[in-house]
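This report concerns only the one structure given below.
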Amino acid sequence: MVIDELLKIGVTLVEGNEYSNPILESILVLSNLLDVDKTYIYIHGKKEVNKDIEDRFIKIMKKRKTGYPIQYILGEREFMGLNFHVEEGVLIPRPETELMVEYIIDYINKEYPMENINVLDLGIGSGAISLSIGKYCANTMVYGVDIEYKPIYVGNINKDRFNLSNVNFYQGDLFEAIEDLDLKNKIHIIASNPPYIKTKDLESLQKDVRDFEPKTALDGGEDGLDFYRKISHKSKNYLIHGGLLIYEIGYDQGNQVKSILDGEGFTNISILKDLQGHDRVVLGFME
Ligand code: GLN
């Protein structure tokens, strides 16, 4: 079969699904299998593809049809200009999360241009937040924590990929993971994109997210706010005076998370909106 014919089959297989982009995904999967870039596929439509690649392509596109995320298939996802390795068991980095990371990087450059500071990231996934901060702010030490083993494993693959010695990952339940590190009142910034979906809403998530991304990275408990309460309360033992606590939130959680921070005594609390105009980040400062 030639490239064009195979692409047509790919499109037919995944077409009509809310979560797929049939032509683009067919091209991406095929270029990945052939180990060529996308332009090669555009130019060489009449080129013969061997049977082995053909079979693998069809098998993958059938899997994609079930909703299996394209990023797990390709093993990659771009975030903050960096190409992260991703695989099953870690949340795929979302573009809206760049808002929080951009804020943090600007804040560090402005407040601490010369100092060596400590940043704590709770719930690392693929390491996207920790490693972007580590990459763009060379003077920071980033401590990334996750309760699951897989994110620590994938985070370390990405740490090696970007060659960042100022970022380290620890497995454990939130602050327990860094208990032995003598970081009490020594952290300048605590950042988190915690699980924030209400347990009862997990079932109605888009199929690719619902069936294949890790529930532990999504389930925020009955009202979706469990982690904001836990983290905000314990943060006070770890932040320096004036330290920043910053979260990604669900589009409808702005006021609730703001009042959690208020209740814990944080000041100058603000909500940032994403490119879609939704509340996406809440931040506050410790007294
Ligand atoms: N933004 C993710 C989603 O809607 C949720 C991520 C999270 O819970 N932190 O799938």
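Using N, Cα and C of the backbone, Cβ positions are placed for all residues, glycine too.
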Pick from ASP106, ASP146, ASP211: which one does TrEMBL list with GLY123, ILE124, GLY125, SER126, GLY127, ASN193 for the same S-adenosyl-L-methionine site?
ASP146
Find the shortest Cα-Cα separation between ILE124 (S-adenosyl-L-methionine binding site) and the binding-site residues PRO194, PRO195, TYR196, and name the residue that gives it.
PRO194
Output the one of GLY123, GLY125, GLY127, PRO194, PRO195 that, of all these binding-site residues, has the highest number of other Cβ atoms within 10 Å of its Cβ.
GLY127
From GLY123, ASP146, ASN193, TYR196, which binding-site residues have a C-beta atom under 6 Å away from some atom of ligand 1?
ASN193, TYR196
